[in-house]
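One structure is given below, encoded as structure tokens.
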Amino acid sequence: MLDQKLIRENPTFVEENLSLRGKVYKISHIHELTVKKKEIDIEISSLQSESKKLSKLIGQVIGKSQNNNSKELNDLKKKGNEYRIKISELEEKQRILDKEVDDEVYNLPNFPSKDAPIGKDESDNLQIKTWGDPLIKENIKSHWEIGESLNLFDFVKSTKISKSRFVTLIGNGARLERALINFMLDMHTKNGYLELMPPALVNSESLTGSGQLPKFSNESFKCFNDDLWLSPTAEVPLTAFHRNELIDPKKLPIKYVAYSPCFRREAGSYGRDTKGLIRLHQFNKVELYWFCDPSKSLEAHKKITSDAESILKKLNLPYRLVDICTGDLGFSSSRTFDLEVWLPSSKCYREISSCSNCLDFQARRSSIRSKIDKKNTYIHTLNGSGLAIGRTMAAILENGQQTDGSVKIPDALVPYFGSNFLKTA
């Protein structure tokens, strides 16, 4: 959430920064609301101060007078009651204004970083580097063709169970998924992350804190009778884990890793990636998450990205690192580095991790602070996939395919999977 004080005092600055996302954001109405809200705050404080003075005066009059029913005392009590009624009325107006302001401000995205490349969409994203040698040759099979031939997963029967864009992993497919999850968790915990296993169901306050609500409600699955949603990413419960807390600065940075199933409606992706493991309604992911001192979040962003990269390097999967332009940034992100893995069947790189620095945007929405330099300060949050499991499996199947139809398992994964190759039964 953006700072309401900044919106109130410098609306032009806010509009100019948001416009870097390639859209026009008119905040004049929000500005008016925040100004009214501040005026009411001042009026309430003034009346409360006068009310305290009056209460003290009433006490003095009672102490001096033998008559507790004097005209002077009754007039003072009447005045005190008028103050209470007026304060109550203003507080009700304040509550209504608070909701109006929140409804508006919660729909404003984060400011893009001044270091992010300026652009309108993904075509303006900036490639920083590549790693590994992309596999380019004829007769490359797609991962879903390989999976079918090796009986690793079934999409058709999953449609019978649920609907399209779900998958059932079978035998070695399930085994490979489990091996990847354990491998990634072990790698990250050895690198200083504390493992959490959060709930898969989250409430609206949690989704609002991380930035999914209210703007993206149509992209998540909601339970019919409860204020609970299927979590679209572990970023949501990990943000909420410290909601409404004042964190000891000595504990910063806090680094979490969490495996979780993720659920997304993919409402805006009809017709895209209809085959395979790339875009499903349910998928598994290992998530990295940092809470850190604001002065150290730029370095933390490099580190969380490097930690995600280390998985791709260990698995010997060719990838590239991309700096996301201002027009393609996620709602809560100020700057994002994407890791895109090479998929030889489509002859292109595909996103497998987004590592984002959200600055104080999520912490402000979730009221997560720390006493830094003797002042309660909103801390910075960062998140990144480390990695998306299904897409990692797809990359292993395609990059490791052999001429005999088998798939070579990356050396680092062999102790977890139990063999060097995936073969037909």
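For all residues, glycine too, the Cβ spot is worked out from N, Cα and C.
Annotated L-serine binding in Swiss-Prot involves T233, A234, E235, E287 plus, out of the candidates S123, S385, S406, the residue S385. Note on E287 (L-serine binding site): other Cβ atoms within 10 Å of its Cβ, all shown chains, come to 27. Closest to E351 (ATP binding site) by Cα-Cα distance, out of the binding-site residues T233, A234, E235, E287, S385, is S385. Taking Cβ-Cβ distances under 8 Å and a sequence gap of 6 or more within the same chain, the neighbours of S354 (ATP binding site) are I324, G330, S333, T336, F337, D338, L339, G384, S385. Within the group of binding-site residues (R264, R265), the Cβ with the highest number of other Cβ atoms inside 10 Å belongs to R264. For the pair E287 (L-serine binding site) and S353 (ATP binding site), the Cα-Cα distance reads 9 Å. Distance noted between the C-alpha atoms of R264 (ATP binding site) and T233 (L-serine binding site) is 9 Å. Each of the binding-site residues E235, E266, E351 was scored by the number of other CB atoms within 10 Å of its CB, and the largest score is that of E235.
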